[in-house]
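Some features that TrEMBL has for this protein:
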- 518-527: compositional bias 'Acidic residues' (COMPBIAS)
- 528-537: compositional bias 'Basic and acidic residues' (COMPBIAS)
- 24-511: domain 'Major facilitator superfamily (MFS) profile' (DOMAIN)
- 511-537: region 'Disordered' (REGION)
- 20-40: transmembrane segment (TRANSMEM)
- 69-88: transmembrane segment (TRANSMEM)
- 100-119: transmembrane segment (TRANSMEM)
- 125-143: transmembrane segment (TRANSMEM)
- 164-193: transmembrane segment (TRANSMEM)
- 213-232: transmembrane segment (TRANSMEM)
- 353-370: transmembrane segment (TRANSMEM)
- 376-395: transmembrane segment (TRANSMEM)
- 407-426: transmembrane segment (TRANSMEM)
- 446-466: transmembrane segment (TRANSMEM)
- 487-506: transmembrane segment (TRANSMEM)
Amino acid sequence: MASDQLKVLDVLDKAKTQLYHFTAVVIAGMGFFTDSYDLFSISLVTKLLGRIYYHVEGSSKPGSLPPNVAAAVNGVAFCGTLTGQLFFGWLGDRLGRKRVYGITLMLMVLCSIGSGLSFGSTPNSVIATLCFFRFWLGFGIGGDYPLSATIMAEYANKKTRGAFIAAVFAMQGFGILGGGAVAIVVSSIFQVLFPARAYSEDPTGSTVPQADYVWRIILMFGAVPAAMTYYWRMKMPETPRYTALVTKNQQKAREDMAKVLKVDIESGKEAVIKEEVQVVEKRNSFGLFSSEFLSRHGLHLLGTTTTWFLVDIAYYSQNLFQKDIFSAVGWIPKPKTMSALEELYKIARAQTLIALCGTVPGYWATVLLIDYIGRFAIQIIGFFFMSVFMFALAIPYHHWTEKSNHIGFVVMYALTFFFANFGPNSTTFIVPAEIFPARLRSTCHGISAAAGKAGAIVGSFGFLYASQNHDQSKADPGYPAGIGMRNSLLVLAVVNVVGFFFTFLVPESKGKSLEEMSREDEGDDQEQSNRKVVETA
């Protein structure tokens, strides 16, 4: 054991990759499958909600959500997520990771079901109920971010830690695929059972009454994967690092490790271990708002918060408004040429194709390479190529709107997703779980993640308005004129460039122990001398 580390943590860092590591990925990862399913499935059904609840008799266009309603439906879950990240991040450091882990999952299950059961006698009351449940759904999702990342980081060994944390986060890609697949299947079944003509042929009949069940089924399905893993999440023991460094119970840490990992930890030299705990506790007792934290980790926290904020502006703008971008370039037919369920089907098909070609491969490229080339390199590469492809889409934008160039547009657009996920969308989740002290790890991850969701809110609200046509007459009903799709893509490209430079504030954690990164294993000469005396005794 290194003289500056607790034996239990040293053994944990050197433990071989075992079955439990993969089990933990599945247990924590299913939470992230549910997170992304719930957060992104709403973008699939917003046009359907507009047709069902905001149809205007005699209009040449299908009904659409008014600007304030669309902003609320798309953004309210992010507000809940931001709040949940801060609250559960703090709570995870106070009560332990495991004790609050099940609460987040139950919130997700109950509120997914509640979202589908949204009730009311008027369109506004249905949407208000939907927003209520989606806020609390987001609150539960928010708690999953710091807890899942911290739990996986604190169980993994230092050699493969990055890959395992990335694998948990990569389940988001499958969640996006799952949302698209469910929407495709449900809309296809209902189209067969309840056929309808296009809006231009039959404005009222193009949206069958049974379509109201479709969006509810899609949203409620998010409860299934979360419920399936609740039992196993409750069976997980507390992480040894939290038990050893925060609650200071070395015996319990050894017992918990023995339950799940095949490691050999000596139980002798108890006096040495207790003395080391006292040294660590004394040396690392500073708080989040102390000058000591500011000098050690202030720039790190600035780096993790700003880069996550910036990448989420771009990433969530792209994800939530894929349907609008695809419609703008003509890849999805004009709404009036389709029935309500046909439009949902084609939106889901387009989103699933992008996820399959760009999003999912990007996540798993990170899993495969992160412990070889490092977090910093992946984040720099990701921001750089996101900027390049965004500029390549935006500058010759009118070229891509021509029908003969739609395939090229989709390829370029998919590449921006690939480099978002083989890049900052993954690394901003991983690094905050590795570089801060154990007693502040969940809190700092929650703060970093909350900054990201603030970026998602900016992206979801801002892009909705900014992407509207320069010409007021061509903007969506109820929206003011915007800066247009081309200029909106240019803004997102510039955001990625800024993220590239803020990455230089974030340290590389590849191959280093959590205690080394958080500097919990540092001590002055007197402390080193005192420990040698104790060890000799």
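Just so you know, glycine gets a Cβ as well, placed from its N, Cα and C.
Stretch with the most C-beta contacts under 8 angstroms to the transmembrane segment (376-395), considering only 100-119, 213-232, 446-466, 487-506: 487-506. Tertiary proximity for the transmembrane segment (125-143) is limited to same-chain residues at least six positions away from its ends with a CB under 8 Å from its CB atoms, namely 34-35, 38-39, 42, 49, 53, 65, 69, 72-73, 76-89, 91-92, 100, 103-108, 111-112, 114-115, 118-119, 446, 449-450, 453. Recorded stretches compared: 164-193, 213-232, 353-370, 446-466; the one with the most Cβ pairs under 8 Å to the transmembrane segment (407-426) is 353-370.
Counted as Cβ pairs under 8 Å, contacts with the transmembrane segment (446-466) are highest for 69-88 among 69-88, 100-119, 164-193, 213-232, 353-370. Beyond the ends of the transmembrane segment (213-232), by six or more residues, the same chain brings 23, 26-27, 30-31, 33-34, 37-38, 41-42, 44-45, 48-49, 52, 102, 105-106, 108-110, 112-113, 115-118, 178-179, 182-183, 186-187, 190, 341, 344 to within a C-beta distance below 8 angstroms of the stretch.
Residues 21, 24-25, 28-37, 40-41, 44-45, 148-149, 152-153, 156, 208, 210-211, 213-214, 217-218, 221, 225, 319, 339, 341-342, 344-345, 347-349, 351-352, 355-356, 359-360, 362-364, 366-367, 370, 421, 426, 429-430, 433-434 of the same chain sit 6 or more residues outside the transmembrane segment (164-193) yet have a Cβ under 8 Å from a Cβ within it.
Here the transmembrane segment (100-119) has long-range neighbours at 31, 34-35, 38, 84, 88, 91-92, 125-127, 129-130, 132-134, 136-137, 139-144, 147, 151, 215-223, 226-227, 229-230, 233-234, 236, meaning same-chain residues at least 6 beyond its ends whose C-beta is under 8 angstroms from one of its own. The average per-residue pLDDT of the prediction over the domain 'Major facilitator superfamily (MFS) profile' (24-511) is 86, rounded to a whole number.
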